[in-house]
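Have a look at the structure below before the remarks.
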Amino acid sequence: DVPKVPDCRRDSDGPCRGSVCERHCPAINNAQGDLGEPCCHLHRARVPPGVPSPCCQQHSEEVSESCALRTTLTAENAVEANKLSNNYKFGFKKWKSHVTERPWEDRSEIVKELYSDLNVIRGSAGSTLTCGNVLYLLLFGWWLSLLYSLVAALMFLTVLGAPYGRLCWDLARYFLWPFGKVIQKVEVPKSHRACEAGVGESSALLGGPTPRRWVAAGHWRRASAALWLSLGYPVLALAHGLVCVSAWLLVVLIPVAKLSARAAARVLLLPPRRLLVRRPRTTEVAPEGEVILCCYRAANPYYYKYAVDGINVFAVNLLPLVLVTLVLGYVDSHNQLSGSAVKFSLALLSIMPLSYYIGMAIASISAQSNFAVGAVVNATFGSITELTFYISALIKGSREGNRCYAEVVKSALTGTLVGCVLFVPGLCMVIGGIRHQEQRFNSRSAGVSSALLFLSVGGVFAPTLFSKVYGKLVCGECHNVTQNPLGHYLCHNCHFDLMDHNGTLYYSHVQPLVYTVSILLPAAYLVGLFFTLKTHTHIYDIHISDCHMPGHHHSAVVHWSRWRALVILLLSTLCMSACADLATEHISPILTNSTISQYFIGVTVLAMVPELPEIVNGIQFALQNNLSLSIEIGNCIAVQVCMLQIPILVLFTIFYPTNFTLVFSDLHVYASMFSVVLMNYIFMDGKCDYFQGTVLVMVYFILLAVYFFAPSPSGC
């Protein structure tokens, strides 16, 4: 749902914010120092229209290049402007969805149709014979119609429920093919209303007491309604509930879910004589009354944009999965109802919606708070998804004395780094390149992230390279191939031993180096934050305009308030910790019994599943030709892996000893360094297309193939 860019026109008081001249003024004021803000406005008043002011001409050469590169973004209100600004800040989570309600007039016609109430009669809706409508007939229509026919027969047999039997018969024909038909609430004549009132009312004509036949009719209707509510309604309400849930989970059939929900909540609870089922015709005069249901399409492919209270429909649908995972995982602790593979898969899938809720909460809090609060929240909870899983796995490996968990964590760290450097930007380039022939991005801001990546990768793998140089190569088993004592030997399970001479090499040299690196990397991250957010903010060349369409109300209606977002953030973090604990609890059978390398499991499943919400955000930015944010999403995650997550894991091992050491295998080192070098080569010129994205994706899949065929790490 692309926001409309308003047409900012000048008025008598001067240009609106976001215009070209105003974007020159800040640079001019900074250059002059003492001139102040009214500079351009004073000169503009004296110069004829169409002639550049002398003030702007004086420093045009100094600011022309920066103003030409600057990107102007339009926001509906101050909260959205703050969120857009945070997207371009280093270290802040990039978030695509709105944190406030968008003005209805700014939405496209496609999105307006998604939120319609299915009660509007269209003059010419076209043919109702569509693939979605046929799908409804095959999935729901035939058996709903059959069920209504059976209930109608049952109500006719009771005699007392005959009016509801006729209603069910009409609804059986309606729900077989409801498209283009109308269910309408008709007005009851005043004489019939007096009949409904019963004893105690007066006759409108005679002024006396109500006739006995009217009293009998009222009792008859009440008895018929009681019979309907006890026999017919529960069965049909249950059927409509099943249809509603099934259609909602399929997303594209959400109109069917709305149709069933309204039928159960309103249509079936009204008296039969108040309902009229008809097919509207252009020649007939429509009777007066409220239109309850009028549906023309059963499916709409754009319902992936649908949101409930600002939450995407997919995140809403996956939320019950979290509850099922927690209940099944902690109630069935002995695997009587399901095996470890099922519980591990459910726990891993539950991480996706929780990651979405955490991201939404962080973006909402940051957009409604000042810079300091936003920076603290992003630094604290930005990597909470990955850290909860890593720490849970290390604790379990330490309790069981199994080194395999530490190797899986290293594989997941490497997989996140390689995936965010190659796969995320590459996929965004491919999908964005399908719509846009060539995409450009800010090479200066990408250069800052690239420099931090080089620094972080070098720092993370420095202890590994140190151990390769000074460690002693130890092999588990060697065979003489040539039967000659001086001949060649074939050795297996070789590794560099750091514990030679009672661990002197490790404790005296490698471990101090690890602690030093773990201190320097977060310090470099803070320097990068200060550089990009304080002293050199101009490298992003972003201007947030508050220019709106005439007549708009600029008051922001946020989806989540700060306190609500904070509560959701804490609850999501607790559920994330529980799901991570379940995932690590049931991953052991998969690691021991699977024929796939543990390297591959860590690099793919454990590394990329938590990043799926970020990948979706990157794709959405790329489709809107905003590749800078797509690239920054991958770069920021990769930088946080090296500069925040790994140092935190090292710090955790100080207080809780585990098998985690900052010494990686050769495969991890080569894959990470090659990925960073290739990414910097691709991003050198500040423009890209789908071919370059295809190269990055193909290289990523080649590395996955290498991990797939690699032998399991030592200790697994």
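Cβ atoms here come from the backbone N, Cα and C positions, even for glycine.
Please treat TrEMBL annotations as automatic predictions, because they have not gone through curation.
Sequence annotations record features per position, and here TrEMBL assigns domain 'Inner membrane component' to 131-181.
Within its own chain, the transmembrane segment (134-157) is flanked in space by residues 164-169, 171-173, 175-178, 227-228, 231-232, 235-236, 239, 243, 246-247, 253, 256, 298-299, which lie at least six positions past its ends and keep a Cβ under 8 Å from the stretch. The transmembrane segment feature in TrEMBL is assigned to 134-157 (among others).
Look at TrEMBL and you will find 231-256 (among others) tagged as transmembrane segment.
Among the features that TrEMBL reports, transmembrane segment is placed at 311-331 (among others). A Cβ distance under 8 Å defines the sequence-distant neighbours of the transmembrane segment (311-331), meaning residues of its chain 6+ beyond its ends; these are 97, 248-249, 251, 254, 303-304, 337-338, 343, 346-347, 349-350, 352-354, 356-357, 360, 559, 575, 578-579, 582, 585-586.
The feature transmembrane segment is assigned by TrEMBL to 337-359 (among others).
Per TrEMBL, the feature domain 'Sodium/calcium exchanger membrane region' maps to 343-462 (among others). In terms of DSSP secondary structure, the domain 'Sodium/calcium exchanger membrane region' (343-462) contains 104 helix, 2 strand, 14 coil.
Annotation source TrEMBL lists transmembrane segment at 371-392 (among others). Sequence-distant contacts of the transmembrane segment (371-392) (same chain, at least 6 residues past either end, Cβ-Cβ under 8 Å): 86, 91-93, 351, 354-355, 358, 361-362, 365, 409, 412-413, 416, 529, 533, 569, 573, 576-577, 580-581, 583-584, 606, 610, 640-641, 644-645, 648-649, 652.
Look at TrEMBL and you will find 412-434 (among others) tagged as transmembrane segment.
Taken from TrEMBL, the feature transmembrane segment covers 446-466 (among others). Here the transmembrane segment (446-466) has Cβ contacts under 8 Å with residues 90, 417, 421, 509-510, 513-514, 517, 520-521, 524-525, 528, 531-532, 539, 628, 631-632, 635-636, 638-639, 642-643, 646, 661-664, 669, 672-673, 676, 679-680, 683, 686 of the same chain, all six or more residues outside its ends.
Counting only same-chain residues 6+ beyond the ends of the transmembrane segment (513-533), those with a CB under 8 A from a CB of the stretch are 89-91, 371, 375, 445, 448, 452, 455-456, 459-460, 462-463, 466, 539-540, 639-640, 642-644, 646-647, 650-651, 661-662. For 513-533 (among others), the entry in TrEMBL reads transmembrane segment.
Annotation comment: TrEMBL describes 565-584 (among others) as transmembrane segment.
If you look up TrEMBL, you'll see 565-707 (among others) marked as domain 'Sodium/calcium exchanger membrane region'.
Counting only same-chain residues 6+ beyond the ends of the transmembrane segment (596-616), those with a CB under 8 A from a CB of the stretch are 94, 96, 348-349, 351-352, 355-356, 359, 385-386, 389, 404, 407-416, 418-420, 423-424, 427, 590, 633, 637, 667, 704, 707-713, 716. According to TrEMBL, the feature transmembrane segment maps to 596-616 (among others).
Positions annotated as transmembrane segment by TrEMBL: 637-656 (among others). With a threshold of 8 Å between CB atoms, the same-chain residues lying at least 6 positions outside the transmembrane segment (637-656) that come near it are 91, 379, 382-383, 386-387, 390-391, 394-395, 398, 409, 413, 416-417, 420-421, 424, 449, 452-453, 456-457, 459-460, 514-515, 517-519, 521-522, 524-525, 528, 611, 614, 662.
Beyond the ends of the transmembrane segment (662-683), by six or more residues, the same chain brings 410-411, 414, 417-418, 421-422, 425, 441, 443, 446, 450, 453-454, 457, 460-461, 463-465, 467-468, 496, 498, 510, 514, 517-518, 599, 631, 646, 650, 692, 695-696, 699-700, 703, 706-707, 710, 713 to within a C-beta distance below 8 angstroms of the stretch. Annotated transmembrane segment per TrEMBL: 662-683 (among others), in sequence order.
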Secondary structure tally of the domain 'Sodium/calcium exchanger membrane region' (565-707) (DSSP, helix then strand then coil): 116 helix, 2 strand, 25 coil
